[in-house]
Each structure stands twice: as structure tokens, then as C-alpha cells.
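See structure below.
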Amino acid sequence: MDHDFEEVSCIPHPGPGRHSLPTAVTALAFDPSQELLWTGNQFGRVMSFYGRDFQRYTSYKGHTSEPVKQILFTDKGVLSISAKSIHLASRKGLTQWHLTDDNFRELHCMSFTSKGTNEVLVAGRQATMFKVDLEKGIITETLPAEDNYTIMKKGGQYICAANDSGAIHILDSNTMKIIKIWQAHSGFINDMDVKSDFIVTCGSSPRQQMVFMPDGLANVFDLKTLQPLPPIPFQAGAAFVRMHPRMSTTSIVGSINGQLQVVDIMNPNAVSLIKQVNVYDTNMITSMEMAPSGEALALSTSHSQIHLWGSPSKINFTEYHNETVFPDQVVPHAPMDWSLDTPLNTIGIPFYREVLLSAWPSHMVFDLGAPPVKIDPAFTATLKRSEMGHYGPNPRKTRRNQIASTREVDKTTSIAAPKFLHEKMRDAARASGGEADARRINDAVDLLNDLALDGTTKKDVPIIYRNVEIKYSKFGVDDFDFEYYNRTKFSGLETHIVNSYANPLLQLFRFTPIIRNLGLHHTATACLFDSCLLCELGFLIDMLEKAAGQNCQATNFLKTFTSLSSAMSLNLLEEHSPNTPLTVLIQSVNRFLLEKFSQDCRQMDPTRKIEQAVSTKMTATIRCQHCTHEQVQSQDLYYHELIYPPKPMTRSSRSPPRPTFSQILKASVERQEQTRGWCSRCRRYQQMTQRKQVQQVPAVLMINTMIQNGDARATWATPGWLPQEIGIIAGNGQFFCYEGEDLRLHIQRGVHNVQVLELIGVVADVNSGENQRPHLVSVINVSPSSLNHSATDEWHLFNDFLVRQIPKEEALRFDPSWKLPSVLTYQIKLASHQIDDSWKQRLDTSILYKMWGPIQDDTQTPLRPLNPRTEPPLPGTLCGIDAEFVSLQAEEIEIKADGQRQTIRPSRLGLARVSVLRGAGIDADVPFIDDYICITETIADHLTKHSGISPGDLDRGISRHVLVSLKVAYKKLWLLLNLGVVFVGHGLIKDFRTVNIHVPKRQVVDTVELWYDKSKVRKLSLRFLCWVLLREDIQMDMHDSVEDARTALKLYRKYLEYVDAGVFQRQLEWVYKEGAKFKYKVPERDGEGSNSLGVQGMGTPGRVTPDMGNRPGSRGTSGTGITGGDGGDGPRSEVGTPGRFGRGGGLGMGFGGSPMR
């Protein structure tokens, strides 16, 4: 630095726009190969300036609204880093690559490694460091960090890293191991530079009252001897330091007030030059950088200015710089006089001698190519990822060389998808309330009229039987209008779940009273087996009954079903059986589930109630055809499969009468089979004859129709062939079955004990069109499952989430061309209307009072299980709740030809954490449930910022939390639900939907609805409500379910407080006014720990929260006090916010502009 060094230029650091305000400089660096000075601001923008006049060169957004921490340079471009991303761009501003990762939490610094400019080491205030390949833009290695690092510089074979406690870690640039730790300062290090073999640091140390002040010494360390050298005295307080690039022992030390000194490290007491930067009053130096040539010094100030110092006669940023490429100059158009008299032919418009392409006749326009074949979503769900894309088994649904005609338009009508809910809300806001309601009702009536059936002889497929599909908007599946398809009090099941083809069978179980009662009674026991499908069936039935017409989904049941290895080995999963007909699949699932229910029941109940209810007690007589040896075995058969007699070969012109259903059922139950088995007398395998005899008939008869040929289809096509009631006489190896008039006569005689069974429902296979996939529906008589004993038959069609009441004749009508039965369910008539809800009084609640894992000290964790004697959950008990989720599968989208984005399959979320807090009492706001759920399947995204779940938290092998299964966490919530507690939370509708539980509205207090003005479209976030009403900042870095649930409870109490005072509506209007003022977002805090209002926070310890009471314009000095009518100070609000009555009965308000003032 020469003696004629002085300020050459000073400019404000520009913002992104031409007229935008200056922005703060967060990073400053000289380009080593060009005459450019590079800067970064707090909004993630990187800019460069050319030459001594600071001519603007490039400006680009490198990071998303995060301060740029550091800038490095390579041959390919400029490398910048922010807290959560790394960006490489060319010097012209074009992005080379952008790297983000879930493990990037708070990055601060980076340095080149031993591989030169091909690799960089990235670190920050977090537990991990990363090696990044600059050629590919990928993370090559993740390393544990010994400390939180804020500054990194490379010196020789070492990487010098400064931590936030004043120490320098000297790392080996190859192994990244710590070679030496040097405690340079007792506080923190503000700046550091490394050149040749020396480290020079500036830092701060605590003074009186723990106030940190800059040290009066710049400390020096020798990298050769790894020993400290005498420090450099600097009375003004050393804040910044840079080593001279051409003089190895010369350094420039600066203070925040602008004093600069040039000092020789080897002779620190001799100061060669002192300069003063032009900064005054509140303006301070924030960073300093020396040019590679040593001829220029750049400084940034707190007033968003950049100062350039150097010798006016000679100032270059680099000694040998490359030529800087500037954009080409735009050649202006030749000037032209323009007036009303100027002829238009002087304008250079081309003259066309041929007819334009758009004017060609229609007979010369031809279709070229064809739209691609739409891939079946069931096939895409089975795809596996590889390096070059995805692959999966060929479904082979077409013949060889057969091509689907994608230009053919499906002429068959289908159910038109309704408008999305947000579209209907927008239309309703435009129209009056009465018109909107009438329009909605008319839309539904028009739909139901279109779905009308034209009698029992109709050959065309009715629209209500066709495929229904969920459409997705930008708001996801919650925006779909399911009510458009279902106006009944019976809930349907959604279809966007894997293996949802089983939905009709699950509905059939739900409306069979005996199976329904057994499932719920089993669920109420202490069963905690993860693979128990009977528990999942009970959960599902309870949810469907509580929903009372609202759509549900069998997510947990199908997830458990899919995870069973036995189901996979039997090829019951769609992904493993893409070509298997749905009829065959659903009949196999029926066999599997009945046997699985019996196994699950035996684990908790030795009386085997399921077996007694659904299994037919039989004896099988097996006879060897070679030696006539017989052996008798007892069997329990959970299902029966129909066998149809072959068509008789006769020459008579009169065809024999078709067998009745009861005759075919009798022949199927007492069938004789030819098998090959082991003969104990012949001691070899022989041909065997097996004959079965019925000993006892179950209360529920499950029948697989097994329609496999044309004769069987023709049999079912006979009108009225399937009886609604059958009578069975069984015992002593005899089995007789009657229907119709025969049944009525046997009942009238009363000679035999006739068991009358009535048809509950049918699972039918529907082939609804040439261009539509076959699917399954169920037609069910809902009357036997009602409590009303005088109820008449009510047949309903359950086509997934479309539910419609239909006539009995339509329900029992079958057509070989499009509708055939797959599964039948008969139940003993005496069990109709026998709905047993005594399980609600016999709930095993012991799981609620257990502490999972090792007992922890109360001082370390606030979790405290309920006391069964003093804290039993009772109806009306308030409980705060919040849940966190992780993404198990990313959403699948499709870009249409017009550029619109359409969601094919939404993202699939999984429950990761659930917390339930006490809502009242001595331990109010203390959690008694805080479960982390073990997830075994692959997690696509931990959503750490929104869930607070980090990688490894849900892995049993490495998690630091006590993990529980999804079954345990779900059962706790289910027990609380049925005990009648009231859940308080924010945005609970989506949480309960993802958890797969339905909570009645009377048991839900949702603060997003409490603090919602129906005249506004926007609903308010939990964080904003907490900031405005409670003066607390939450969700600062990531979400925490305990914190969110506790905040929801506070907001509910605040709501009750305002309602009691009679000012809630005015307060709500004020909240929305404040929201409009701050754009419904919590203002960001500045670097000095003050909020946007300039007031120190009084909220959560360790956080900066706004003290709304001391805002300018508010009355009084206490801010949060309530002023009484006599001028006295009222009591302070329990949550630190205004809104309570004072002693004088008046009502004060600490918020400026609030109606409570």
C-alpha cells in the first residue's frame, strides 16, 4: 500500500431493480483473473462490477432469499454459498449447476482441498461437512465436523477453519483430520486471512457485563512451526485483516470505525502507514478485501456502500488479467420521420407471393402422428428406479404388434368430473348465497338424473357403474368434491391407493353385522400386533361409521395388507399380478382375509369367535381307490366355491330346467373330488376320492361364484336367479338348501330346524366399456346393519367413492356382457340389526398410561404419561394435538400440450411423529404422547424444515428417539377418540386425513377455523396467529409438533377469552388488518436480534419475538396491561397478550390500532 492511497470510488450497493433500494453486502471478493469485484447480498443475489468506476457487469439470483456467505473463483466461473445451497455460475451469469441437500442446514464457509479448484470443502454451523466435486456439482463425501465453522481459508497443505468460540482448527487438506487447535480469542473470530505460512486473526472477547468488544490485538500464527507469534497491537480494535498478496509479511488491519494500518508481521510494533476511511456517525465497516494485485482495497459499510481505495495513478485488480467479454452493442434503427402523411408502404413488411400456410384448404390438412398411449397408473406404481430411468415387468395386455388407436374418441358417456372446491367457492363468492346453494343442488340433481336407470332390461352400462377417477388440482386431493358423488349417509372409499381394488370387499365386511361386531370388539382389546388385519378392519369400520357419508380411505388397512409376505407370495398384490383378472384376485383375497382374521382373533381370544361365525364345520372322508382304505378328517372351511353342472347332452328339443341357486350351492358344499394323496395302507401315493359332509353351518356364509365359462355366465343372466333368502337344514352329515316357495313351506311346517340366511351383498366385476379398465363394485343391502328393526330393504351401489341407492331389481340383475358377481355374503337372519357397541365400554386403555422405552428424567423431557387414577380421559377432555409427516413417494405430474400442469398421483405422506398434550389441569400443555413412528419403507423426503424430522430419526438402528410402530401410535389416537376427548389443533382436517382417522366435528377444535373470517378467502397460519396474538415466534428453523400443539391450545384459550369479553369479532377483523399489513407473514428478524418493529421480544426464551404492546401509537406505557375504568392497571394476560378485563371493568388494548384499545 503506497502513501498516496486514497478513496477512488464509492457507490451504493444496488438492488435487483433499476429503482430498488440499496442492499447490504454480505460477501465481497476480487476476481483473480479479470478486472471484476464480486459481491453478494442478503437476498441471494450475486453481482459484479468492472474496473475502478464500478461499472455493473453481471447480476443474477444464485440463492433463494438467503444471504450469500462466501464467494470463490474457478476457471469455469464463480462459486457462491448460502446457508442451504451452493451455486456455480459463469462470469456472464449463466448457471452451471445448483446444489441443495436436506443435510444443508446452516452452511457458512468453504475452501479448496488438496485437489485444487476441482474440489471444495463446505462447512458451517452444523455437525457435518461435505466434499463437493466442482466438475459434476455433486457431493462426493460427507464428513463429521468437529465443531461449528464460520470461516475457512487454505494455507499450504492445511485448511484453517475458525469456529464460533474463538479457536482455529488446522485441518489436513487430504484427510480432513485436525492437526492443531489454536485458541486465538476468548470470544469469537470476526475475520481471518492466511497467506504463505502465516495466519492472522481478528476477534472479540467478553468485557464487562458479558459485552463482546473487538480485541486490541491481531493474533499471528506460524503454520511452519505450528506455534503462535507475537501479536499485532491495534488500539482502535482489530476487526478486519488482509495479508498483502505480494509482500508475504505485510498485513493491513482495519477497525469497524474505518481506521487502517499497514504492519509488518515480523516487526509488529512498527506501523508503516495509517489511513482513515470516510465513515461517520452510525456508518461502520462490515467487510474488507484486498485485490490480487495489491493495488486496490475494497470495503463495504453498514449503509450498503462499497468504497474502493487505491493509488489514483495506478490501480488494477489483477496483474495479468484476461479480457472481459461485454455484450454486443445494439445497433439502433435508422431514424424515420413519421406523420399522418407518411405512406404505409415505407414500412418494411415482407410481401408474400404465395398463400399463407394458415390459409390452406381443410382437405389438404392431415393428421401427422398420434398422441402417445396413456400409461396405466397401476403399471407405473410397479416401476423400479435405475440409472437410466425406470423399468418394470411387461404387463402384456395387448397382442404382439398390436397398437392402440389413440385417435379414437370414446363415444360412451362417462361421469363428468365436478368443479374443484376452490372453484366453487370462487363462484359462490361472486353469486349470492341463495343462488350458489341452488346452483350446487341443481348440479347434483342433474347428475343424479343423468345416472337414472332405465329398467332391469337395460343392456348399456349405466354411468354409475363406470370408472370414477379423482382429479387433482394444485391444492391436492382435498380440493376434490367427493360430495358430488355421494349424497347418502354411507361413506365411500377412495381409489388412489395401491391395491384399492379390495375396497368393495371391505365395504361388504363393514355391512355384515357379525363381522362388524367381531372386528370392533377385537380392536378394543390390547392387541398390538403390527400385522393384525382384524384390528385394521375394526379401525376402518369405526372410521366409516363415524364419517357418515364423508369420503374415507383404507390407507392403513391396505398398507398392512401390502406388507404381509404371505399376501405377496400368493400374488394378491396388483403390482405382482398385473394380468390377473380382478375377479380372480378378489376371490383369492376373500379366502386370504377370512383365514387371516381367524388367525388374528386366536392371538387374543382362545374361544375362536371368528371361526364359529364364518367357518363351516365339515368332515372329509378320504378313500383310496386302490385298497378302499378310508380315513376321516375334520375341517373348517371359511368359504365355499360354486361348481356349475355341465350342460346335459340330450337330443330332445326341450331343454332341461336350469338348476336353481340352492341346488348348485348344495352340490358345491357336498362336492366329491378326485385327488392324489398318500395312502397309509398302500404306503404310496394313490388316487383318492374325497367326500365332504356338513356338521354345522356358520352364521356368515361367504361364497366365491367361480364363473369361468359361458354356461355359468348364462346361468347368472337369468332374471331373479339369485335369491335374497335361503334356508339350510344341516346336521349329522346332511345338508339341504331351499329357496323361494320351498323355503316358505318348510318354515310353515316347522318340522325341521331351518336356518334362514339373507343376502347381505355382492361384489361384482364390471366391464364398463371398451376403453375403460374393468373394476369391482359392491351392491349391498344396508338394512340388516341398521338399528331400526322395522327397516325395509335398502340396496346401495358402492363404486369406490360413488355411493348411490338403487332398486333391489337392479342390484340383483346381472349381465354376462358387463356385470357378473364375484363374492356373495349371506348372514343368518336372526343376526340382522344386532349392532353390538358394548366394545366402547370395554376399551383396553392401558396403552395410554405406558412410557415407551426407558424412563427419562422429568428435567430432561416434558413428556409425562397420564395417571390412570387422576387423569383418565373423559368425554369433553381437551387435548392439544399435532402431527408431523414425511414424504414416502413424490407426486407424479404430467405436462399437457398447452403447458398446463396436471397431477397424476399425489405425493404419499407417512406419519412420522404425533404429539398429544393435556389441555387443562395442573400439567396443562405437558405432553403425554410424543411418539416417533418407525418407518421401514424408503423415505423420499424427510421434509425436515416442515416436519422437524431428520434423516435417521425414524430408523430403529440409528435413531436417538424411542420409536413405536404405526399401529401403537394410531391406537392411542383411536382410544382417545372413542373416549370422547376433544382435540385442539391447527389444520387438523389434513392431519387426520393423512393419519387415516375420522374425528367427528363435535370432537374437533380447529384454530384455523376459529380464527377465520368467512368473508375472506385466506386462512391464517399458526405462526402468524401466534406472532400477532401471543407475541411469540415459533417454527423458527423447523416445525415441532409439541410446540405447535401447545400454541394451538393457547390460541383456543385466547379465543375463549375474547368471546367471553364479547369482542372476538372486532379482534378478528383487527388480526386480518394486521395480516394485510404484513402480508400475512411474520417479519424476518435483522442481524442484531430485534424484530421488524424495532422492539426487543418478550416471548419464548432464546427467541426474538415482537412486543406488540410497545408499538408506536399504542396507548399507555405498560403495553400489555389492561386499563380499568378508574385508570388503574389491570392484571396481565396469562399468555402475555391483552384482552382481559381490568379491575375497573373497562377494557384496554396494547396493540396499536386494535379495536380493543
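Including glycine, each Cβ sits where the backbone N, Cα and C put it.
Annotated features, as they stand in TrEMBL:
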BINDING   ASP882, GLU884, ASP991, ASP1044  divalent metal cation binding site
COMPBIAS  1116-1130  compositional bias 'Gly residues'
COMPBIAS  1139-1157  compositional bias 'Gly residues'
DOMAIN    491-829  domain 'USP'
REGION    386-406  region 'Disordered'
REGION    1083-1157  region 'Disordered'
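Positions of TrEMBL features highlighted on the structure.
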residue : record                             : CB count, 10 Å
ASP882  : divalent metal cation binding site : 28
GLU884  : divalent metal cation binding site : 24
ASP991  : divalent metal cation binding site : 22
ASP1044 : divalent metal cation binding site : 25
Sorted by sequence, non-ASP882, GLU884, ASP991, ASP1044 residues with Cβ within 8 Å of centre, divalent metal cation: ILE881, ALA883, ARG913, VAL914, SER915, GLY985, HIS986, HIS1039, SER1041, ALA1045
